[in-house]
Amino acid sequence: MESRGCAALWVLLLAQVSEQQTPACALGLAAAASGSPEDPQPPPFSGSSWLETGEYDLVSAYEVDHRGDYVSHDIMHYQRRRRRRAVTQPGGDALHLRLKGPRHDLHLDLKAASNLMAPGFMVQTLGKGGTKSVQMFPPEENCFYQGSLRSQGNSSVALSTCQGLLGMIRTKDTDYFLKPLPPHLTSKLNRSAQGDSPSHVLYKRSTERQAPRENEVLMITRKRDLARPHLHHDNFHLGPSQKQHFCGRRKKYMPQPPNDDLYILPDEYKPSSRHKRSLLKSHRNEELNVETLVVVDRKMMQSHGHENITTYVLTILNMVSALFKDGTIGGNINIVIVGLILLEDEQPGLAISHHADHTLTSFCQWQSGLMGKDGTRHDHAILLTGLDICSWKNEPCDTLGFAPISGMCSKYRSCTVNEDSGLGLAFTIAHESGHNFGMVHDGEGNMCKKSEGNIMSPTLAGRNGVFSWSSCSRQYLHKFLSTAQAICLADQPKPVKEYKYPEKLPGQLYDANTQCKWQFGEKAKLCMLDFRKDICKALWCHRIGRKCETKFMPAAEGTLCGQDMWCRGGQCVKYGDEGPKPTHGHWSDWSPWSPCSRTCGGGISHRDRLCTNPRPSHGGKFCQGSTRTLKLCNSQRCPLDSVDFRAAQCAEYNSKRFRGWLYKWKPYTQLEDQDLCKLYCIAEGFDFFFSLSNKVKDGTPCSEDSRNVCIDGMCERVGCDNVLGSDATEDSCGVCKGNNSDCVTHRGLYSKHHSTNQYYHMVTIPSGARSIHIYETNISTSYISVRNSLKRYYLNGHWSVDWPGRYKFSGATFNYKRSYKEPENLTSPGPTNETLIVELLFQGRNPGVAWEFSLPRSGAKKTPAAQPSYSWAIVRSECSVSCGGGKMNSKAGCYRDLKVPVNASFCNPKTRPVTGLVPCKVSPCPSSWSVGNWSVCSRTCGGGTQSRPVRCTRRAHYRDESIPASLCPQPEPPIHQACNSQSCPPAWSTGPWAECSRTCGKGWRKRTVACKSTNPSARAQLLHDTACTSEPKPRTHEICLLKRCHKHKKLQWLVSAWSQCSVTCQGGTQQRVLRCAEKYISGKYRELASKKCLHLPKPDLELERACGLIPCPKHPPFDASGSPRGSWFASPWSQCTASCGGGVQRRTVQCLLRGQPASDCFLHEKPETSSACNTHFCPIAEKRGTFCKDLFHWCYLVPQHGMCGHRFYSKQCCNTCSKSNL
């Protein structure tokens, strides 16, 4: 039990942190027993200190021997070195540690990570002017260890002992981080602790963002707020503050190499010179070595300090190395650091910013120019930055890393950028390096789930706190290692041994109730409400007043799960049983040999076996050795008229459209070594070539003059004994595995000087010569020339200089090299079939030309020279098509011994064969889908559809024929597809017209017009009218003309307006009258005599009403002071503004006293200043047989000047005036 004093001090120091609650989204870890996601539980750690959560444990660390007996508390590396010098200890580099705390008692069996750093590893510091310092890192300073926990299967440990214990402990249940406590905190805890004083803090990886760091604890002791560390993707939280992994860049880019003056030649390391690596075998499960260069930027240097940064970075990489040795990866990957570069200042050509994409591009280009002084290069480069990076902008955001996919071993793409986030940085590096190995995120284009808690999950959130490699990651890695690109990883590291001893299990020390308290607080207990729950798979706990909940973490090994039962390996078994032990994988039987890939010329056959007998499980090891074996088959020569195997593969694409066009393809062979096994073809008649396939068919020769063959995209060695992988070679005499005893090598030097621009004989090489080598001893301006005895020049003849390259003549292949910085060189393995004369085209000074060749010994057994035979042979061109019927041109050629073409005069002209066009490739082509052009999209925006004709066809007998769709490859190409998915601009939406305001004659009708979004894939939304200003707004009103109204329906009673009140106060009256009127179609009324409307019922309306009901004020003619008061005076009414139809008349009203303006009149007594007048209807003259029209073009001005009431204007402008009265 922990002492109360220690716990109290810890709670006091971390009081402020304990007030912070776990984000609500962390509840995704604790599921209620009911399983309802809508019923979230409160955070399990609310209101309690860190120590009470069970996520943290203060442990005491000390060294023990292999038996577990105490050795010393001095565990730091320099202390152990001093102690080992004083006392010889058994075990060599083995280290045994004990971590003991209130909740954990762990025994660590470790071994020095001797292969973490390459021989000659150095740390280089770069400043503005270049290298500032180079620090050697001798092997005895290696303070990094890897190993496992004793008696805990499937566990791993990666720690450094440089300055206390720092690193990672992985169990099958969860991942832990271990850190030393700061010295000032250690001393305080030591004064309050009883027994072993705690020196380290052990906490789960899922809580790292809350873990105490040295500067944070110092800030807390000063009663300041805890500085919030960077969030990263190893948090379980899914809230807005979570760091997401915007990484794994699929963009296949190739940055331009930097200029020569920007290349940096660092001397931070001097690794041992590599031997020439053998080619990596396909499908081999061998130990692979990733030689890694680590670069640390200035921001991260400032954060950790120059004195601590090396230890910190190597500790992180030691953890990364352990992650890549995890058994779930399905391979043996060793991370070996070949150099560490510390950037104290900005470097030319390297731009590091918040923008992760730009930083990655710059770093990949910059590191491509780095190499050791001995010319060695790293396989992989890692940039560690202290900046808060973002994948898409130059501002801080939630990105943790960035990397190209499948960039490993590439000079320009084997690089990653990683943001420093504490010890969790190791998982970021492993994740991004996984992308470089060709891995993509789980759940993105594969069958693995995002939430399974694997290292390649889009967001690093462990399952039960444990992180592993998914089956998809294993497949991606296996696929990458089977390519030629992985050749840089062929180095083999030394294996690391592990110790395993029996010991008491954690579940025996801490029962299920105690484990619940650690996870959910002091009041939590094992949930006993549902006995069907298996605590060996998920520990279910409950607190008072709450439902059962779990973090989906199994109970610890050895926990009691029933009567005489305990948990072992996730299963509840009888007490004493070990449960499922680690099962190591074993190979299945070999499969039968596959059919040969070629019928002649040397094909490939293979057989496979799987690691399934049984599969590795419960921490078992993966099978060692090869999953596939290969052998050559059908090695006999192909007939002389057969088509070249590589040319046949190119011809297969003649019937396939390339960017919309058909071409005739021929092999393009001027390739770099890494591209020999890619199918590069050049379009006949054009000057471009293209890689039509990333690998040729198995058995294709790597090059024309090589026995090596391509297998699964890699060039594999074939010996002269025709055995795959054999190192057998021919000696100078052409004898396979010979010792040069059957021939004599002739050597000489030609150093004469002559006049320039002439050919001079140097040496004559007889027929049958082998191992020919002619070379300049120094660079000169002269040229080596070769001809036969008949003065036919094959190289540099007739004062014409040929390009360097491969040349075939005299029955042999010659390799001609000429460079401006190297001497001229001509080589050939031979043998030649005619005498060759080597000459020198003399140009200036002759530094000397050396030559050598081999001839059979005179005493060797010779066979009499056979007389040459001359015969005709038909040489056919390639078929115009690869199938379905084509034509090829045939011509006759004269050959010596059916090998060497000679002049036609050597052959009998009477036996010359008939030549011309002949049919070829008449066999039907494979069925394929014939697709037409897409139709016009049904919509211009907002998501439409388009279709195209698709039919299954096969070319046979020179024409295309339709066949059933079932005979074509499935699935069928899509017939329909979406198109124009971009959002549509807003537009005016019109509603239906309402009914006309009239039932007959002329009226008005209305409709609604609104601006709406027109995207059919989303719900229409009303927008402001300003959003539709790009097009005019439709009308909302329009005139409607109906049938002519009947005469009798025009008559109606109209009521006039109320007249003015007869008095201003004290009881007056107002009147209005009913008049008979006739309404025209135009809407204008005409007053008629009342008798014409007698047949119509009068409306029941009040025609008189009282008004002026306000009492008249009673006031003296004088004011309160006895002075006289002013009175209101009104002028006569003005003339009415209209003679009919309603007008207005006005008058002036003033307050006067004795003829002078005054201001003391009562406002309520003020008379009206305006009044309605002439409210009767205007008469309309109607003449039979005429119609209303305008007689002048200026009639539109009449109503604007109010002249329609004038008799002349109303008559001459009848139409305009009638409309103005509407």
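Yeah, the Cβs are placed from backbone N, Cα and C, and that goes for glycine too.
Taken from Swiss-Prot, the feature active site covers E432, and the record attributes it to sequence analysis. Around E432 (active site), a 10 Å sphere centred on its CB holds 25 further CB atoms from the protein chains shown.
Residues or ranges marked as disulfide bond in Swiss-Prot: C364-C415 (among others). Following the DSSP three-state reduction, the secondary structure of C364 (disulfide bond) is helix. A 10 Å cutoff on Cβ-Cβ distances gives C364 (disulfide bond) a total of 25 other Cβ atoms nearby, all chains included.
Look at Swiss-Prot and you will find C390-C397 (among others) tagged as disulfide bond. For the recorded site, C397 (disulfide bond), the DSSP three-state label reads coil. Of all Cβ atoms in the shown protein chains, 15 besides its own fall within 10 Å of the Cβ of C397 (disulfide bond).
If you look up Swiss-Prot, you'll see C409-C488 (among others) marked as disulfide bond. Under the DSSP three-state reduction, C488 (disulfide bond) is assigned to helix. The number of other CB atoms found within 10 A of the CB of C488 (disulfide bond), across every protein chain shown, is 22.
Residues annotated as disulfide bond in Swiss-Prot: C448-C472 (among others). For C472 (disulfide bond), the number of other Cβ atoms no farther than 10 Å from its own Cβ, over all displayed protein chains, is 22. Reduced to three states, the DSSP call for C472 (disulfide bond) is helix.
Summarising the annotation, Swiss-Prot assigns disulfide bond to C516-C541 (among others) and lists similarity to another entry as the type of evidence. Within the same chain, residues at least 6 positions away in sequence whose Cβ sits under 8 Å from that of C516 (disulfide bond) are A524, K525, L526, L539, C541.
The annotation disulfide bond is assigned in Swiss-Prot to C527-C548 (among others) on the grounds of similarity to another entry. DSSP assigns C548 (disulfide bond) to coil in the three-state reduction, outside any helix or strand.
Residues annotated as disulfide bond in Swiss-Prot, with similarity to another entry given as evidence: C536-C567 (among others). Residue environment of C567 (disulfide bond) contains 26 other Cβ atoms, counted within 10 Å of its Cβ in all protein chains.
As annotated by Swiss-Prot, disulfide bond applies to C561-C572 (among others). Other Cβ atoms within 10 Å of the Cβ of C572 (disulfide bond) number 18 in total over all chains. In the three-state DSSP classification, C572 (disulfide bond) falls within a strand.
When secondary structure is read from DSSP and collapsed to three states, C633 (disulfide bond) falls in the strand class. According to Swiss-Prot, the feature disulfide bond maps to C596-C633 (among others).
Cβ-based neighbour count (10 Å, all protein chains) for C638 (disulfide bond) stands at 15. According to Swiss-Prot, the disulfide bond annotation covers C600-C638 (among others).
Classification of C623 (disulfide bond) by DSSP places it in coil, neither helical nor stranded. Residues or ranges marked as disulfide bond by Swiss-Prot on the basis of similarity to another entry: C611-C623 (among others).
If you look up Swiss-Prot, you'll see 288-493 marked as domain 'Peptidase M12B'.
According to Swiss-Prot, the feature domain 'Disintegrin' maps to 494-583.
Residues or ranges marked as domain 'TSP type-1 1' in Swiss-Prot: 584-639.
Residues or ranges marked as domain 'TSP type-1 2' by Swiss-Prot on the basis of sequence analysis: 872-920.
Looking at 288-493, 986-1046, 1049-1113, the range that has the most CB pairs within less than 8 A of the domain 'TSP type-1 6' (1125-1179) turns out to be 1049-1113. Candidate disulfide-bonded residues: C415, C548, C567, C611. Nearest to C390 (disulfide bond) by Cα distance: C415.
When secondary structure is read from DSSP and collapsed to three states, N739 (N-linked glycosylation site) falls in the coil class.
Spatially close to C596 (disulfide bond) yet at least six residues away along the chain are G603, I604, S605, C633, N634, G699, judged by Cβ distances under 8 angstroms. Ranking the recorded positions N308, C472, N778 by Cα distance from C567 (disulfide bond) puts C472 first. Taking the C-alpha positions, the distance from C611 (disulfide bond) to E432 (active site) comes to 28 Å. Cβ neighbour count for C611 (disulfide bond) (all protein chains, 10 Å cutoff from its Cβ): 20. Cβ packing within 10 Å was compared across the disulfide-bonded residues C527, C600, and the lowest neighbour count falls to C600. With DSSP classes pooled into helix, strand and coil, the tally for the domain 'TSP type-1 5' (1049-1113) is 5 helix, 23 strand, 37 coil. Residue with the densest Cβ environment among the glycosylation sites N154, N308, N778: N154, by other Cβ atoms within 10 Å. Under DSSP, the residues of the domain 'TSP type-1 3' (925-985) split into helix, strand and coil as follows: 3 helix, 23 strand, 35 coil.
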